[in-house]
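Q: According to TrEMBL, the domain 'G-protein coupled receptors family 1 profile' annotation covers 46-297. If you look up TrEMBL, you'll see 31-53, 65-87, 107-125, 146-169, 209-230, 242-265, 277-297 marked as transmembrane segment.
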Amino acid sequence: MNFSVVFSNGTNSFNKGFYLTAFRNLENKNYLILALAIIYIITLLGNLVLLAVVLMNSSLQNPKYLAVCNLAIVDISMNSVIIPQMVPVFAFNQNYVSFGACFSQMFFMHFFGGMESFSLALLAYDRLIAICWPLRYSTINTNLRMLLIIAGIWSLVVLLEIFPVIFAARLPYCSSREVQSCCCEHSPVYKLACTDTSFNRQLGTAKTLTALLGPLTFIIFTYVIVVVAVTRIASISQRWKAFHTCLTHLLLVLLYYMPVMLAYVLGNLRLIQNFDLYTAVLTVSVTIPPMLNPIIYSLKTDELRDKIVKLLGKPKVAQQIIKNEANG
């Protein structure tokens, strides 16, 4: 998707791009780049192994693992949009980004960020059906229905993210081209326009509330229903089994929302005075969940963990180590 051909009001200079200026004053920024490179490698390995295990085992090709695979694809895509472009920018000072590349990155970065949130909501939906209607799960939540829901979510997020990017691409950028960020985020870019950007700010805020808080509200709502349903179960062992089923998903939700919310709170309260340090904290907060998601799911899901052990051909000793890590 190239936004250099988006309708212009005649004042844009499409032959001019932007300059990413984050981390100029950050000490030891090479360590940050090294950390991000490690995060990216683990993200690829973890999620690709998870996808391979599901594809190679027909017993795992059910609605639950379709949702898990969807999250794995989003995780790979999310960090692939953010991390690789940062290496030449900040390791080799190649910080120029063309107009089209900048807005293309803006769209895909925010798109997969929104997809991460909606994918967690999809897993919450699956857990809701499994716990509240276990006997009807196979008829309510079929593979076809899950695929249709996934397709609907991808389409919805495209619609949510495309318009803020298009309207930002149509703004006249006739003064500064220095983006105070490590990548082409929506807010740091449109603020450079030499015209009134109040509409872009309102559109961006509405999109953020919908893409982040909307799924979070749905997740909280589903767990309220789940808790009520579980408390009605007489058997304590069955209650624990139901809560254990939700534990992995709750860890993923906390892992995704808590660091980002904390980073924004620290920034808004000015608790981190160094802008480059704040950007580094926010970048790591966004890229760590896609790395840890497959690890958490693999260790906390017995069925998936056993399949991975068999795929990798590990001996019983390694299998015991993995189980000890999962219980730890």
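Every residue gets a Cβ built from N, Cα and C, even glycine.
Quantities reported herein were computed from a predicted structural model and do not represent experimental measurements.
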Q: Examine the transmembrane segment (209-230) against the transmembrane segment (31-53) and state whether at least 3 Cβ pairs sit under 8 A, considering only residue pairs 6 or more apart.
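A: Counting Cβ pairs under 8 Å (6 or more apart in sequence), the transmembrane segment (209-230) does not reach the transmembrane segment (31-53), since there are fewer than 3.
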Q: Could you check if the transmembrane segment (242-265) is in contact with the transmembrane segment (107-125), meaning 3+ Cβ pairs under 8 Å among residue pairs at least 6 apart in sequence?
A: yes
Q: Where else in the chain does the transmembrane segment (65-87) make close Cβ contacts, counting only residues six or more beyond its ends and a cut-off under 8 Å?
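A: Contacts of the transmembrane segment (65-87) (Cβ under 8 Å, skipping residues fewer than 6 from its ends): 33, 36-37, 39-40, 43-44, 47-48, 50-51, 54, 97, 105, 108-109, 112-113, 115-116, 119-120, 122-123, 126, 143, 146-147, 150, 182-183, 252, 283, 286-287, 289-291, 293-294, 297, 304.
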